[in-house]
Amino acid sequence: MSIPDDKEAGTIDEFLQKEGVLDILQKLDHDLVGLKPVKDRVREIAALLVVDKLRSRLGLTGTTPSLHMAFTGSPGTGKTTVAMRMGQILKAMGYSRSGHLIVATRDDLVGQYVGHTAPKTKEVIKRAFGGVLFIDEAYYLYNAANDRDYGVEAIEILLNVMEEQREDLVVIFAGYEDRMNKFYSYIPGISSRIGNHISFPDYTLEELVDIAKVMVRDMEYRIADDAIPACRAYIEKRMQMPYFSNARTVRNLINRARMRSAIRIFNKAMDPNADGLVSRDELMTLITEDFPTVQELLERGETAIVE
């Protein structure tokens, strides 16, 4: 087989620019605060795909690497966001027809009676063809305590599709790392089909505060400088409590602060002794009293924990 001149391949930078991969990676940086190990792994996968494409253009032999993945980590650490961006990368580089993301759980795949599971699972897979199927908390597909559980049928269908139609579907399993490892021990065929494992660490306190700032900015709000300590104190205490969900908990906090801000502004506007005027800056700024205090968090007890 003749090999084309090296110039036909172009530089990797030119390839990344032309295919839009650099833009997608930059969006990932914007979407996610911190998570450097995750971003590095995504870049490694992108690099492998880029080199594979360049080799193909030069007539060099090669095989498409396994693109099925496992994302492990706590809730709210960006797994779904990374899955969405990964789908876009795969589409940009020609490894996926559309790159769209379908998110599914056990309820979407497993039926409640005999003959119900296969149609449900196949319908979800059909919608995901050409893109990425993201199965959240995948370990719930298998119930070790019930050998007649219908989840086994869904798993068998998934395993077959992952092997026989891997060029038209990327499957990403997600969940807590310890539970995923146990899941692999029950269903060894899954682990052998996964080519890329990405671990998502919990955010640090300062990263969560930065996430809060990004969230309000995207909503066209801002946190007043003297309100940052109140925001930080709430997050720090919440991190020590059960059911903490990283960025999801921060989003809940911001939504609560927005609600308190709205009530504060509304009450001020309705005050008969006030002029009723509301400035743009007031509408955009979250102040200290808009953030629940640590004492309020503790007094609310379980209602705060189960967000």
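Yeah, the Cβs are placed from backbone N, Cα and C, and that goes for glycine too.
Per Swiss-Prot, transit peptide is recorded for 1-46.
For Thr80 (ATP binding site), other Cβ atoms within 10 Å of its Cβ number 17. Taken from Swiss-Prot, the feature ATP binding site covers Gly73, Ser74, Pro75, Gly76, Thr77, Gly78, Lys79, Thr80.
Secondary structure at Thr80 (ATP binding site), as computed by DSSP, is helix. The Cβ of Pro75 (ATP binding site) has 20 other Cβ atoms within 10 Å, all protein chains considered. Neighbour density for Lys79 (ATP binding site): within 10 A of its CB lie 21 other CB atoms from the protein chains shown. Here the Cβ of Gly76 (ATP binding site) has 21 other Cβ atoms within 10 Å, regardless of which shown protein chain they belong to. Within 10 Å of the C-beta of Gly73 (ATP binding site) we count 21 further C-beta atoms, all protein chains included. In this view, Ser74 (ATP binding site) is surrounded by 17 other Cβ atoms within 10 Å of its Cβ, with every protein chain counted.
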